[in-house]
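Note sheet for the following structure.
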């Protein structure tokens, strides 16, 4: 009977749960789904991470290649993110050029990398004006069940922490790059941005970590990206119902606690990794 | 062109000089708005903030493709064309921001199974581009007669390295700033409809910027009202 009601009146069905301050999957309004992370699973990539936020699954692979640094910044390398939402993850995506959601997610990740200064681009430079690293970060969603931005940010962070770059020296005589695959260094990750997403219901209620259905029923979404010092890298609210300053304040405090949870998980995973 | 209204309003949060560079603290650049300047779209507007200028045309409510139609409300589409080059991923991201902001205020339920298309063309970019786009889109939607439950406006503010707040920055100020925050606020309660930010800032600074933006939005809404009053008082 409940299944029938859910199909016919999904919003009313949902409101019944919200009135009791819980959600159909049993979570509290401020509770995240079980987060799991697996690092270094792709051996052909220089760094990789698989993040599961409930059912939402995102895998990030980082490949490092050589490139000439940009002419207006000869001592900087590149970090190029790309989020792919293939038809595999959800029936709403078709094959072909990236849809709007994938492009927006790619732009969001690029902004997070830029704003949070997670990697100093100068660290990626090998020889100013001649050679620099370019890190291609490919994020592929394997299962779309809402809250894609949080999963992508976490996957990116975990993958970048896993990246090992070989030492490169430029041979003076031949002017060619010599790669020493035996000596590998981890990247210098300066900050740890963590994203927390909220969905706004009926213009008033804020719920954390929305699932696919909740996102569909919501009247607005909000994503906050915070680093460890409590500084905000990104406040992404793409339209939707209005929020007051006080509600934003509540979201901030939730984002701070989420950051601690994620950081703890990350540290555990990194510690448990056996050195190569 | 019948009904063109050129409304000039110099809006400052504090008393300042008549023209020239603005004083320190919070003040907005010279605003100008023209409506109904294109003959084909149902509504059009050109909004100028200092040297930043955006031209918007609104078509709707009009026919919608069956694949895109929503059974109980209007489908909103936004197309943003940059001044130079082909639209890229950044434009797509901005289109989503503008579209979701418009969807929050437009009463789509009054026109189910129709489409409302907002086309924005960047004429010149001298800072605060997204805010100018939002303001122009609002004016164009009003000109087209699309039913809305509130007006909205865009305000950009920047934080300098020492924490100084500048509203409605020029391109140079945006580049030198530590953080650039753009907000869309509604006219009823100045609630935050849309927000997009660049750079690092603290929670307290965010609240400060939001408060400043809410104060500045009052001026923008007053400008909208004066502009529309002048337009309709003629006829």
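Backbone N, Cα and C define each Cβ position, glycine as well.
Quick look at what TrEMBL lists:
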- A:31-166: domain 'Exoribonuclease phosphorolytic' (DOMAIN)
- A:193-256: domain 'Exoribonuclease phosphorolytic' (DOMAIN)
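Broken down by DSSP into helix, strand and coil, the domain 'Exoribonuclease phosphorolytic' (A:31-166) contains 36 helix, 51 strand, 49 coil. For the domain 'Exoribonuclease phosphorolytic' (A:193-256), the number of residues in each DSSP class (helix H, G, I; strand E, B; coil) is 18 helix, 26 strand, 20 coil. In the predicted model, the domain 'Exoribonuclease phosphorolytic' (A:31-166) shows an average pLDDT of 93.
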